[in-house]
Amino acid sequence: MTSSEYRRCPVTGRTVVLAPRRAERPMELRHAEPHHRNRVSGGHCPFCPGSEAETPPELFAIRDEAGWQLRVVPNKFPAVDPKSGAFGFHEVLIECSEHFASPTDLSNAQFANIFTAYRERLLHHAADPRIASVSVFKNVGAEAGASLAHLHSQLVALPFVPEPLQQELAATDCRHCGGHDPTRVVAESPHFIAVCPYAPRFAYEMWVLPKDHRPRFETICEVEELAALMKQILTALDRVLNFPAYNWVLHTAPRGDFPYFHWRFEVFPRLSRVAGFEWGSGVFINDVFPERAARELRDAILRGQ
């Protein structure tokens, strides 16, 4: 695949330009040095044990005999607030007590704690009739928007449904349940599959979703299985791209009855800046065909076994 190609995502409706000739210089994609992920803090960390008084009061926690393993607190600098004109809730999920900056440093059990916390916070906000939708996301590395190295996710609960999600909700069937092209499959487990989407906006973008049809993440039971798969594909991503900055975003059905929606995680590396063409047109240019990305990620998994 050497010529450029338009592809339209059957799930989101977005059109992308796949332009592999822009990737002929490997260093444009694979960074010589890992992105800014350093487990040694440059100073005091407000998320480490002993600093609990520096965060707002705890909303949820997972503990063992040694102490807390995960904490959820209100964001100290919220974008939305239940007492402001921009109503909503903005939370921080501190994912581990250790000062880790790379998700692949986490154990499978720690990954499972993260997904358990996601489920419990989604259930909490689902019980609030004022909340229409919830966005859960993670920024890894400064280039992806992380302001603190200590591993954490964020949750924003809103009283409306964002427009991109509305467009997906208008579907009259599920575009995930028809099967996946094996050339774009990265890895799978009994209940989950990781694929490079047909029309990815970002090079080496991956989607992780349940094999059976599930509109809402908060119904998940197999958190340990999802944890193992997520760690496997993120380890492969680190091997292929030398510890890139990336985001992951959870898309789950909002309040209401949306039988055709299928929840998913999107993982997208931040290898280049979104520039004028993308902002002006809404059309993303991607240097790497998803079939190639999936092959390289599969090979990285095999090398690690």
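Glycine is treated like the rest: Cβ placed from N, Cα and C.
The following features are taken from TrEMBL:
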- CYS45, CYS48, HIS99, HIS150: Zn(2+) binding site (BINDING)
- 126-294: domain 'DUF4921' (DOMAIN)
- HIS152: active site, tele-UMP-histidine intermediate (ACT_SITE)
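On the structure: features taken from TrEMBL.
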residue	record	DSSP (3 states)
CYS45	Zn(2+) binding site	coil
HIS99	Zn(2+) binding site	coil
HIS150	Zn(2+) binding site	coil
What is the separation, in Å, between the Cα atoms of HIS152 (active site, tele-UMP-histidine intermediate) and CYS48 (Zn(2+) binding site)? 11
Would you pick out, from the recorded positions HIS99, HIS152, the residue whose Cβ has the largest number of other Cβ atoms within 10 Å? HIS152
Cβ packing number for CYS45 (Zn(2+) binding site), 10 Å threshold: 15
